Structures are given as structure tokens and as C-alpha cells.
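Annotated features in TrEMBL:
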DOMAIN    43-294  domain 'G-protein coupled receptors family 1 profile'
TRANSMEM  25-50  transmembrane segment
TRANSMEM  62-88  transmembrane segment
TRANSMEM  94-122  transmembrane segment
TRANSMEM  142-165  transmembrane segment
TRANSMEM  199-223  transmembrane segment
TRANSMEM  235-254  transmembrane segment
TRANSMEM  274-296  transmembrane segment
Amino acid sequence: MSASNISSTYPALFMLMGIPGLEHLHNWISIPFCFAYTLALLGNCTLLFIIQADAALHEPMYFFLAMLAAIDLVLSSTTLPKMLAIFWFRDREISFYGCLVQMFFLHSFSIMESAVLLAMAFDRYVAICKPLHYTTVLTRPLITKIGMAAVARAVTLMTPLPFLLRRFHYCRGTMIAHCYCEHMAVVRLACGDTRFNNIYGIAVAMFIVVLDLLFVILSYIFILRAVLQLASQEARYKAFGTCVSHIGVILAFYTPVVISSVMHRVARRAAPHVHILFANFYLLFPPMINPIIYGVKTKQIRE
């Protein structure tokens, strides 16, 4: 070991274990993972191509959808290739800084996705509750500012994490019991006082999920009230039909988050691979299902 590594407080490499307890099934588990990643790549690239190529889709709703597709591409590509390398080639090594970069992108783009879903709820609110002002409210400059705000919020909240983790001495080994570098999985290997990291991680997660979900629910309360005030049943059905795709995407994103959070608290004694499979499902499912939901439910994209 070189002198630089001896004086360093962090290891040169971490080892990702994949799914502890199910190592003998890694080859079989890789099949649905690979299938989901392929669908995510094809579906989101197709959405981006369609929205870019068709001038009729250059509207606020589809700009937000393009943001969502781009985020899903980055989010799935941050983790899935390394997971498949673990499952297929037993390539478990990841450098310390590579681990921090993966963690930063993973958590940052998850926060961005939540922000874009909130922006899409605002889009549906304006379209249904204030239809006459839709084009004047949701202008391209405002959409650009919303996108920049989503990026700025995520980067601001996640930038402290690499610096906080870099200051620890990792005396509990280098084996990360996960398929990717998740914040708390790395913190468990650190020695010293990690309370601030624990509190910060939980606070950011609660702040994002609770605040964004609260505003999404509030938007839909106003939308539902406006829809029920429409004169005909056909008009009500048509108005609320424009929200079906967005509701499906919200459920696909937030349901695994809630289930995983409940599992960590209710089923603490469950085998580690149960929690890891739920965490992987949270990363795999939304990028795969979002293009399908919008492709099937949105007439303009389907055509």
C-alpha cells in the first residue's frame, strides 16, 4: 500500500456486494434488470425524439415531459450499468470518488424528478383552472426558469454530501451491502460521529417528498374542484382525462418511495435483500413505466 493511501482517511476502493444473500441468483436477477433498463432507454429516447421532431408538441406539457425523460435516462444510467457489471462479471470495485459521483447523481436526479412532477402538476392546474391564461402564464422563459430551479435545488441540497463523507475515517471495511453507492449504505461504514449525516439525509428526503407531494395534492384538489364545476359529464371526463398520465407517473414515482420507507420502519428484521430489492425497484420502475404511461395515454404522442 502506498504512503498516500496509508495517510488517507478514506479507502481507494469500495466493494459493492450487489444483493447480499441472493448472490447465487444474480444471473437470473439480471434478466428483469436488463429488460427494464432496455425499456427505459428505448422509451425515453423515443419520447425525446418525438417531442423534438414534432413542432405540434412544443408546448409546456411536453417540455416538462422531455425534462422527465432526460432525468430518467440519467437516473437509470447512473446505476444500472454498474449493477449489470456486478451481476454478470462480478465487477464489484468502485473507486471512492466514483462512489461519491454516483451517489451525487443518483440523489440529485431523484430530487429533480420530484421537482418536475410538481411542475407538471402546476401545468395541469393552469390548463384546467385557468385555461384562458395558459399560454401567457406558462411561457418558455418561465419553463426554463422552472427547469433551472429544479437543477439548482437538487445540486444545492446534494453538494454537501460528498464533502461530509470525505471527512470520515472508514474503519468498518469497504464492503457496501448494496448494488450502488447509496448515502446511508456508505455512512454505515464510517467511524466517528455520523449523526449529522443521518439527520441531514432524513431531513432532505422528508423535505422533498413531503413538500413536493403536498403541493401536488393541493394542485389536484383545485383541479378536482374545477372539474366538478363543469357543466357536462363529457367535459368533466375530457378535462380530468388530461391528468390521468400525470397521476400514473406520480404513483409510479412516489409509491415505491413510501413502500420502501414503511418497510425500513415496519420490517426492520426483514432480510437485507428485501430492502435492497425495494430500493432497486424504486430506481427501475419509474424510468421504465413513464414512457409507456405517456405513450399509451397521450393521444398526440401515440399518434
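Every residue, even glycine, has its Cβ placed from backbone N, Cα and C.
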Highest-contact recorded stretch vs the transmembrane segment (94-122), from 25-50, 62-88, 142-165, 235-254, 274-296, CB pairs under 8 Å: 142-165
Among 62-88, 199-223, 235-254, which stretch has the highest count of C-beta pairs below 8 Å with the transmembrane segment (274-296)? 62-88
